Amino acid sequence: ASMGLPALALLLAAGLLHTQASPSARSFQLDYEHNCFRKDGAPFRYISGSIHYSRVPRPAWRDRLLKMYMSGLSTVQVYIPWNYHEALPGVYDFSGNRDVEAFLDLTAELGLLVILRPGPYICAEWEMGGLPAWLLWKPDIILRTSSPAYLEAVDSWLHVLLPKIKPRLYHQGGNIISVQVENEYGSYYACDYGYLRHLLGSFRVLLGSEVLLFTTDSTRAEELRCGTLQGLYATVDFGPGSNVTEAFGAQRRVEPKGPLVNSEYYTGWLDYWGEAHASTSAAWVAWGLEDMLQLGASINMQVVSWQRAQPPGEYMFHGGTNFAYWSGADYKGQYKPVTTSYDYDAPLSEAGDPTEKLFAIRTVISKFQPVPAGPMPPATPKYAYGWVALRKYADLLDVLDVLCPSGPIQSQFPLTFEALKQVHGFVVYHTQLPWDVPDPATLGAPPHSICDRGYVMLQKEYQGTLERDGQTTLHVTGRAGDTLDILMENMGRISFGANTSDFKGLLGNLSLNSRPLSNWLIYPLTIDTAIQHGWPHTALPKSSSGGRVGPAFYTGTFVTPGIAWDTFVKFPGWSKGLLWINGFNLGRYWTCRGPQQTLFVPGSVLHAGRPNNITVLELEGAPPTPLLHFLDGPLYNRTL
């Protein structure tokens, strides 16, 4: 998707149901004469919806896919985020929630076809658009181009991934009917046909000559010019506010013959921190869907951000959640990080519940083809576990020995996350004031060098926050030798637009009254590793200060009444931070900025018969009485 919402991918392939040839071999092909797809020789059109397995806990995969099947979808569209599987160069993870083969096998078991979008770039409002941050460790790399360092990494990844995909292709007996190459490449500045040709060659070598390969771009002429290539079938994406005839006219200019395809029909909208919660009416989405189906198009429904002045974003039928650090960001004149919830006002809610929009879509689909008989599976049970009291465990600066066991790195000037080989999370930059500062002096950074938020402590006392495209100076006083610490937070790398080379940390020198500070000790923090090993619940109690401001850890436990149902947690009076339950990182909360006010807690992370351990890292300030409130429903808009 170019920008981002889970959208329903409605692939509407025009075609008349005649000439029922039935070759013995399985096949999925383009019919340029009759402007349709042919599946096993017969005309075919798909109605599909997007789901991101990386945003849905594995125990919920079957529930979500079954609801999509019961909605009348014949097909699901699936992204594969490269960085979710190769977090470090050459270290691959296809286990647990990352077992994409198990997910694909489940789609086949439920009778769904698959449109696969393996990237290597996917956008999806996902951290760095699915590209691994370690690509930025390579000097002079130019992402999404014929840059040798980039192509070498891409080829290495495709040689691991695509052999897992090949036996699941439709003509091989599997259920994958088509595979997308790259993603909305026309929206990227490079316009490197050599890169697209290289990808086409790699996909053909690894998947064979029979599989249908395609591209997706917006309907803008210049984007279709740069994003399409002979040998790849060109499809378009647009939302419910578009003139359908005009939009498909854009596809016809690059593909005069063949099926009409909207690869990302936006069923919803994404949220950014600090902006209003977005929604799209069920009637509007249903009307646009019916319009396309009447043209015989094939459609994929996405939840995506779509604005008249912008290219459409990502698609979704079920959005899910940006757990941990996986949410990406857009750059539209300023850095705009995406919320933890990827609910997107999609037909299936963040928790996987059918909505009015889903039933409206099902009704439209039923006018064009039979939908499965039987009731829609119900919403999953939710439980309001109530109030849970937390206690302060320690200030972050007092537990650096645990969070950075390898010790600090010495450097004359600050180093980026990439130079430190730190992918996600946090880094502490520590130095001392080199001279007395009796009168307030300006602590500041050069433009565009705070990436993305810096929490400033002097003598371990919180002074305030520096922010990308926001406040970049603070006034401080102190004495020579006083400690100065800046905790830098990565809020997610840009996932769409020209600048996917989004370096993190302190990108320039901090200065005091324009005099550069030097002699830094830099601590890359491995917070998640510590918490996954039981810290701080298994550690000895710390004698922490009673202060409530500045970065600190808070802990607590709660016991469920013999159940492990989904729930939502609210942070009354808290500011900004992260939440872990039983070692699982549920993502970022940002109560004071909104709009999202609750985090989704899947029941699968809870224990039914023993205590559930809660760990909160609050970055700015906790309430005087630190409490969490577990509810049976979400609050996505701060006005609620």
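Along the chain as shown, residues are numbered 1 onward.
Cβ atoms are placed via backbone N, Cα and C, with glycine included.
Remember, it's a predicted structure, so these values are computed and weren't measured experimentally.
Here TrEMBL flags 1-21 as signal peptide.
Here the domain 'Glycoside hydrolase 35 catalytic' (37-367) returns a mean pLDDT of 93 for the predicted model. Annotation comment: TrEMBL describes 37-367 as domain 'Glycoside hydrolase 35 catalytic'.
Within 10 Å of the C-beta atom of Glu184 (active site, proton donor) sit 28 other C-beta atoms, taking all shown protein chains into account. Taken from TrEMBL, the feature active site, proton donor applies to Glu184.
Taking all protein chains in view, 43 other C-beta atoms sit within 10 angstroms of the C-beta of Glu264 (active site, nucleophile). The active site, nucleophile feature in TrEMBL is assigned to Glu264.
Residue counts of the domain 'Beta-galactosidase 1-like first all-beta' (414-525) by helix, strand and coil are 4 helix, 58 strand, 50 coil (DSSP-based). What TrEMBL records for 414-525 is domain 'Beta-galactosidase 1-like first all-beta'.
The domain 'Beta-galactosidase galactose-binding' annotation in TrEMBL covers 551-610.
Broken down by DSSP into helix, strand and coil, the domain 'Beta-galactosidase galactose-binding' (551-610) contains 3 helix, 27 strand, 30 coil.
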